[in-house]
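J.: Starting off with a structure, shown below.
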């Protein structure tokens, strides 16, 4: 109650005419994190619901926690396994002392030894993920608050989701300055220039990642960025399949084959939050149950992916192993599951109409497989498929609405 009274006592300073009027957006953002805003309608409302934009965004934020925690554990585990595979004794100690992530982990009570437990793996993974997330949150939050102050309206809570989604779809070794550049592009160019939350036609997190992919490909793709171990090089499972098919899927540290269950659980290198389809399904179940994410879009993505991957399986190829990848492997490799559950279902950049959502999802699933199979330079296709579908979402809605209008006119004889 003391906090609420304090906020109420200083509120008048941020209202129009107050000495801190220009900082109202920042005050409102902090106050509404803890308490419901006092703004009410002056007429009877048509729909009464305790869930507002802030609560919806917070639920999505919580929904990615399973993937986030597993991603930190997996990133730490992959790094520890690789380090102990390459180095031993004094050489390992030298490597640890030369990397602040490693020595910070040991200083906080963790260990980089081969027998490191869950806590040490989680701790090491956190030293990679949390700085990226903090950088993205602070830099992106700065731009969000700046635009809100200029436009004189409250801070939109959509950035809570954008920041964590962006941090989860990049490699654990991404330089912090590149993370800052990527989120700057996503927030400013893909969102704020078009009017802010609710007016952007591209997914800001994906737009930021696409910017980094084309501007700095060496730090966000290739074989050396996915495992946070100095001097280690290892391709992702999707890249391995693109090179040699199912038989080429091996753990780059132990040399043992990668099974479908390994990929489903997330015991493979990759972007921090994209590796575990199981963890992503848990989070997706939350937002689908709460009707935040559209099940029609998710079903459409699956239908498009299964149909096109099956078509390529039937066609076959002796020179391109990706033609032979079954749909259930497409599901668990790369960023497909993350994109399907948390990116494609973005309510702003996706289609609004029910029929439009089906076609929007089908286009994403089909395009993802086509890019993975046909494009020889880039085995991943989910990011580009969703951004491509974002451009078509308004067209799908326009066609559906026009057809509904014509159907109603014909029904009533006009």
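Including glycine, each Cβ sits where the backbone N, Cα and C put it.
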J.: Of 173, 236, 252, 259, which does Swiss-Prot mark as FMN phosphoryl threonine?
T.: 236
J.: Of 101-121, 164-184, 185-205, which span is tagged transmembrane segment by Swiss-Prot?
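T.: Residues 164-184 are the ones Swiss-Prot records as transmembrane segment.
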J.: Looking at 211-231, 358-378, which stretch does Swiss-Prot describe as transmembrane segment?
T.: 358-378
J.: With Cβ-Cβ distances below 8 Å as the criterion, list the same-chain residues six or more beyond the ends of the transmembrane segment (268-288) that contact it, or say none.
T.: 59-60, 62-72, 74-75, 78, 125, 128-129, 132, 165, 167-172, 226-227, 234, 236-237, 251-252, 258, 262, 295, 298, 331-332, 334-335, 337-338, 341-342, 345
J.: Under 8 Å between C-beta atoms and at least six residues away from its ends: which parts of the chain pack against the transmembrane segment (129-149)?
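T.: Same-chain contacts beyond the flanks: 22-23, 25-26, 29, 68, 71-72, 75, 155-156, 159, 162-164, 166-167, 170, 172, 174, 176, 179-180, 182-184, 186-188, 192, 196, 272.
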J.: According to DSSP, folded down to helix, strand and coil, what is residue 236 (FMN phosphoryl threonine)?
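T.: Note: residue 236 (FMN phosphoryl threonine) is coil by DSSP, not helix or strand.
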J.: Restricting to the chain of residue 236 (FMN phosphoryl threonine) and a gap of 6 or more, list residues whose Cβ falls under 8 Å of its Cβ, or answer none.
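T.: Sequence-distant Cβ neighbours: 226, 268, 269, 270, 333, 334.
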